[in-house]
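Participant: Under the heading repeat 'Kelch 1', Swiss-Prot lists 34-79. Feature annotation from Swiss-Prot assigns repeat 'Kelch 3' to 207-255; the stated evidence is sequence analysis. Here Swiss-Prot flags 398-476 as region 'Disordered'. The feature compositional bias 'Polar residues' is assigned by Swiss-Prot to 419-436. Feature annotation from Swiss-Prot assigns domain 'Fibronectin type-III 3' to 606-716; the stated evidence is sequence analysis.
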Amino acid sequence: MAAPSLLNWRRVSSFTGPVPRARHGHRAVAIRELMIIFGGGNEGIADELHVYNTVTNQWFLPAVRGDIPPGCAAHGFVCDGTRILVFGGMVEYGRYSNELYELQASRWLWKKVKPQPPPSGFPPCPRLGHSFSLYGNKCYLFGGLANESEDSNNNVPRYLNDFYELELQHGSGVVGWSIPATKGVVPSPRESHTAIIYCKKDSASPKMYVFGGMCGARLDDLWQLDLETMSWSKPETKGTVPLPRSLHTASVIGNKMYIFGGWVPHKGENPETSPHDCEWRCTSSFSYLNLDTAEWTTLVSDSQEDKKNSRPRPRAGHCAVAIGTRLYFWSGRDGYKKALNSQVCCKDLWYLDTEKPPAPSQVQLIKATTNSFHVKWDEVPTVEGYLLQLNTDLTYQATSSDSSAAPSVLGGRMDPHRQGSNSTLHNSVSDTVNSTKTEHTAVRGTSLRSKPDSRAVDSSAALHSPLAPNTSNNSSWVTDMLRKNEVDEICALPATKISRVEVHAAATPFSKETPSNPVAILKAEQWCDVGIFKNNTALVSQFYLLPKGKQSMSKVGNADVPDYSLLKKQDLVPGTVYKFRVAAINGCGIGPLSKVSEFKTCTPGFPGAPSTVRISKNVDGIHLSWEPPTSPSGNILEYSAYLAIRTAQMQDNPSQLVFMRIYCGLKTSCTVTAGQLANAHIDYTSRPAIVFRISAKNEKGYGPATQVRWLQDQEKDVGPWF
């Protein structure tokens with residue numbers, strides 16, 4: 001986590017769709033990039049289900065059906081895959097619920113479920129303010145507040161510290177409640193506390209952590225329950241413990257539990273005053289507990305002022321949800337302020353990146369021409385942009401002259417026989433791509449819809465432009481992220497070479513020029529920026545030359561973005577090998593760089609890569625078809641199709657694919673038999689895939705190949721071939 005002074009809060013100020021009313025007592029969960037909110041309220045209890053797409057910055061109201069639950073507040077809300085469970089909560093003043101509902105988010109279908117009661121004892125009583133946590137196939141219910149009175153208008157509160165376990169059925173439905181026999185001292189009764197479950201990487205013993213809450217007075221105690229031994233304990237912690245609080249949020253990212261907001265004691269209270277009599281206020285304090293070392297770290301203190309409104313203002317009863325390494329916060333009540341008979345609630349949506357993004361996958365080639373590359377890389381969740389860099393063996397003049405002048409190429413060489421490395425091809429395509437169709441990438445409609453069996457690849461292309469060169473604050477990327485959709489079951493990526501295929505091409509001669517004035521020469525190991533891109537695709541035809549005396553262009557600090565308008569551009573050269581790497585950027589800065597990929601610009605006269613690859617199953621195996629290159633550069637003499645196969649060599653170097661030719665001829669289709677597929681290599685680096693390559697040959701020889709990753713479902717698709 002970044003140092004407190006480096007926290008880069010982002011307020012989402014631009015969004016579309018029906019924005020939910022501000023509220024408190026609601027709950028939120030995440031399904032991939034979607035934040036799903038239910039319940040809570042202010043002027044009455046809300047019963048709508050609201051969804052926020054964190055990529056498109058769009059709110060929407062799904063058309064739910066089935067046993068739609070009544071609105072509730074301070075309820076339990078957990079997510080298991082695309083299934084959401086709701087338990088308990090307040091349905092109206094003084095009347096609480098102990099009903100359980102299940103939402104299948106893939107169909108937006110509600111169902112009321114009736115778990116079996118415990119073998120001994122009673123099922124949970126109606127309650128609010130309890131914790132409801134999921135781990136594996138079980139939910140864990142602890143504490144809350146019940147109403148002892150049968151008259152909802154005569155509220156007699158009773159704080160609870162009972163503990164239940166709810167076993168779930170796989171996919172849908174539940175088995176029933178049980179009351180585990182626990183050991184050790186049980187935490188005191190409470191409501192509006194938080195509970196999370198964490199399991200260390202080297203441990204098979206998950207633990208539930210309960211923090212804070214309310215029992216007449218706010219609490220600041222931390223409790224731990226070992227879910228294997230069912231033993232309660234009170235771990236000793238280091239660092240400054242957050243103030244006693246309730247109605248706060250606790251979110252786990254990695255090995256850290258982040259605590260934000262809630263009701264806390266007023267800082268001006270008399271220390272001799274009983275906790276029951278002192279005043280309380282909302283806070284915007286922000287801390288985390290390292291769950292491995294049991295050490296608290298304060299990121300924003302309760303006394304820290306925010307005169308610039310650069311972070312969420314104090315609140316309680318809000319919601320927080322973790323998507324990747326990013327935390328989102330929405331709404332909540334603003335202290336004791338009232339408007340008529342209602343609380344004043346916050347309307348704002350904020351997020352905070354808790355760490356730099358991981359390295360993206362290697363850059364992958366979609367299409368190469370004589371003077372450009374269309375490249376992509378796997379998307380990294382919750383990032384604001386990508387820094388793309390390249391390196392070449394060619395040397396260029398490094399000068400600060402007019403960027404429109406084309407610099408001379410020194411000592412230039414073009415080797416038509418040199419090809420890119422196969423290591424750039426083993427990464428799979430990410431599960432989601434932008435809704436703007438990308439060449440050779442199959443796209444389908446709704447992010448939660450079940451997969452169709454159609455396996456066509458759409459070859460229509462739309463390229464994404466880099467950010468403006470003089471961007472000074474990367475917060476502008478937040479509202480520019482485009483909508484994503486799930487990738488279908490086949491994705492095509494052109495390759496840089498076909499194994500065992502020789503490319504016979506004459507090098508295009510070009511002159512060596514000697515500069516009239518002494519200039520610095522870029523060294524081969526220096527990396528130059530191509531630019532900063534909002535999406536995971538880029539059309540590369542130029543790059544920025546390093547200023548004289550600089551070894552690198554981009555800093556790795558917070559929002560350190562170079563002013564590209566001051567730098568000189570260099571065009572790509574035909575028949576030249578370029579190395580690429582990419583890094584993701586978020587509010588914490590620029591993350592680590594990816595592994596290096598190599599691609600070669602086309603030599604004039606050779607055919608382009610085949611396009612619009614389609615795969616369909618038939619009785620003999622599969623049918624593979626494609627369209628001719630859009631730029632054949634003469635007559636196409638033949639096509640070759642190749643299949644990546646299993647070999648002993650691949651066990652030593654899995655990234656080095658070995659290909660077997662399965663077709664050679666003039667037709668733009670072929671049949672791949674089940675016998676050939678039995679020898680196929682399955683690439684498991686991301687999602688299981690069988691890899692094909694297809695290339696075209698004209699009078700000069702073979703051009704670049706199109707690589708096809710046929711994504712496999714391990715049970716459905718891989719099974720018949722093995």
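Yeah, the Cβs are placed from backbone N, Cα and C, and that goes for glycine too.
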Participant: Any idea what the model's mean pLDDT is for the domain 'Fibronectin type-III 3' (606-716)?
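Facilitator: A mean pLDDT of 88 is what the predicted model shows over the domain 'Fibronectin type-III 3' (606-716).
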Participant: Work out, from DSSP, the number of helix, strand and coil residues along the repeat 'Kelch 1' (34-79).
Facilitator: 0 helix, 24 strand, 22 coil
Participant: For the domain 'Fibronectin type-III 3' (606-716), how many residues does DSSP put in helix, in strand and in coil?
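Facilitator: Per-class counts: 9 helix, 56 strand, 46 coil.
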Participant: Report the DSSP secondary-structure composition of the repeat 'Kelch 3' (207-255) as helix, strand and coil residue counts.
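Facilitator: Helix (H, G, I), strand (E, B), coil: 0 helix, 28 strand, 21 coil.
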